Ligand SMILES: NC(=O)c1ccc[n+]([C@@H]2O[C@H](COP(=O)([O-])OP(=O)(O)OC[C@H]3O[C@@H](n4cnc5c(N)ncnc54)[C@H](OP(=O)(O)O)[C@@H]3O)[C@@H](O)[C@H]2O)c1
């Protein structure tokens, strides 16, 4: 007998990864999922609804959910039949780049409110039901920046590191309740995310930042970051496919990176657990050998390298 479809709740489906994932799950040929695709501002629903096509109203419904608002979360769950979420995907997120001295504490806190506490708020809301039913899967869209720091992304990386520590800790307890946790760690993804971020960063003034640091940020970091996205950026479709596999797995992994092109950078961490090697090489590439960095990124962009999503 075919099993009942699993209810999947996804945050941040107005664009990018969330939107793509919602559509792929809703169009699952085996109809294994009933997707609740959420967004904080329902005026942005059109793109999702158009992409969902015939799945809309059948295997996909759209609902309002602001991960920073307790009432919004409670309201959203109250509309789900039985209130039971089988798979929660914490996808909503926001970025922040720039020299630390020029960023206010309030701005930094708002990144943590969305990326970290937003995910925690949703987990607290669905966990009692999952524990009662002794089943569930919590998927978290983390980042390679949850494993490795990147210059001028200090606060964003910290918010993703926080997720990694929180969910790895929780995974141990939840195994006792047959609930799985999966942290998906994409590298750069070609969504609105980086475009919005870099556009803001290129006009922001970062008051209080010394001219030398500002120069490094504008003249070295910003162009390198744009090139990194062009060279290594995965499509949201490829990353969503990797997440669909994680959700469909019989034994979901705790961690899954999606971009094989990022592997050499990540390997530096394992090669030297003291962390010196990665910090030195990242420093040299940006500040001392920008031409080598530029050349390496061009090589990566040439297209002769293997598929960006791990074939698992
Ligand atoms: N793009 C990358 O390079 C990359 C790489 C690694 C990991 N990630 C992670 O992937 C996830 C999705 O990002 P994306 O690349 O798809 O970017 P995106 O297109 O900008 O999507 C971000 C989504 O999060 C939503 N969001 C922001 N604050 C929210 C809140 N308080 N409540 C509910 N939704 C909120 C946004 O809604 P609005 O439209 O209302 O703002 C949007 O739907 C994020 O967690 C991001 O950190 C992205």
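Just so it is clear, glycine is given a Cβ too, placed from its N, Cα and C backbone atoms.
Copied from TrEMBL, the annotated features are:
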DOMAIN    6-187  domain 'Ketoreductase'
BINDING   12-40, 66, 160  NADP(+) binding site
BINDING   143  substrate binding site
ACT_SITE  156  active site, proton acceptor
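Not one of the recorded positions listed as 20, 24, 28, 32, 36, 156 brings a Cβ under 6 Å of any atom of ligand 1.
Sequence-distant contacts of the residue listed as 'active site, proton acceptor', defined as residues of its own chain at least six apart whose C-beta falls under 8 angstroms from its C-beta, comprise 95, 96, 97, 111, 115, 143, 145. Residue 20 (NADP(+) binding site) counts 24 other C-beta atoms within 10 Å of its own C-beta, drawing on all protein chains shown. By the criterion of other Cβ atoms within 10 Å of the residue's own Cβ, the least surrounded of the binding-site residues 24, 143 is 24. Considering other CB atoms within 10 Å as the measure, the emptiest surroundings among the binding-site residues 12, 16 are those of 16. Cβ contacts within 10 Å of residue 32 (NADP(+) binding site), excluding its own Cβ and spanning all protein chains shown: 17. The C-beta environment of residue 40 (NADP(+) binding site), restricted to residues of the same chain at least 6 apart in sequence and closer than 8 Å, consists of 12, 14, 64, 65, 66, 67, 72, 92. Per-residue confidence over the domain 'Ketoreductase' (6-187) averages out at a pLDDT of 97.
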